[in-house]
Amino acid sequence: MLEEIKAQLRAHCEVMTALQGELSPAIESAVSLVVDAYRAGNKLLVMGNGGSAADAQHFVAEMVGRFKLERRALPAIALHTDTSILTAIGNDYGFDRIFSRQVEAHAAAGDVVVGISTSGNSPNVQLALELAREKGCRTVALLGKDGGSIKSVAELPLIVPSNDTPRIQEGHITIIHIICDLVERELFLKGN
């Protein structure tokens with residue numbers, strides 16, 4: 001058992017090393033998109049399924065509440081948190097439309113819409129990102145494996161280089177924390 005624990009920790013470290021090298025420029029671009037949107041008076045909309053929904057909700061909580069700094073709330077919406085909306089849309093339009101219908105209702109040009117999918121193949125996330133781009137939103141996708149079908153839809157795909165879902169999720173939450181930290185610094189510590 002001890003060897004398995006060490007193996008999993010090594011795998012985690014390998015993913016973090018890959019983020020530091022391969023994905024750092026893309027993470028910087030994601031931070032810039034979010035900062036620019038907030039400076040322009042826009043908002044952040046985030047979505048995912050299962051564990052990715054938990055990560056999306058965490059991201060939104062850090063923006064609306066705070067990450068590290070005492071500051072004003074930043075507008076952000078997690079698109080999976082209202083069970084009445086989800087079940088109404090799912091029942092009337094199908095599960096694939098649960099996010100796109102909300103993007104239709106809430107997203108405006110200049111907003112940043114973030115989709116999270118460890119496989120990169122979640123149809124409901126893909127449809128929402130496609131609609132968001134049509135509406136003039138900036139789109140970011142946190143993905144894993146080979147990026148799946150979503151990598152070609154998102155303006156900025158951030159693909160965690162792993163095929164192991166837990167490692168991908170660890171990469172996603174690390175990226176989210178970096179974005180939250182740097183967005184706060186850019187907006188509230190640099191006097192902008």
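Using the three backbone atoms N, Cα and C, a Cβ is placed for every residue, glycine included.
Model, not experiment: these values are computed from the prediction.
Here Swiss-Prot flags Asn49, Gly50, Gly51, Glu62, Asn91, Asp92, Ser117, Thr118, Ser119, Ser122, Gln169 as substrate binding site. What Swiss-Prot records for His58, Glu62, Gln169, His177 is Zn(2+) binding site. Sequence annotations record features per position, and here Swiss-Prot assigns domain 'SIS' to 34-192.
Asn49 (substrate binding site) falls within neither a helix nor a strand when secondary structure is assigned with DSSP, and so counts as coil. Note on the binding-site residues Asn49, Asn91, Gln169: the fewest other CB atoms within 10 A surround the CB of Asn91. On the backbone, the CA of Glu62 (Zn(2+) binding site) and the CA of Ser117 (substrate binding site) stand 19 Å apart. A count of other CB atoms within 10 A of each Cβ picks out Ser117 as the most crowded of the binding-site residues Ser117, Ser119. For Gly51 (substrate binding site), applying a Cβ distance below 8 Å and a minimum sequence separation of six or more within one chain yields Thr118, Thr165, Gln169. Averaged across the domain 'SIS' (34-192), pLDDT in this predicted model comes to 97.
DSSP gives Ser119 (substrate binding site) a coil state; it is part of no helix or strand.
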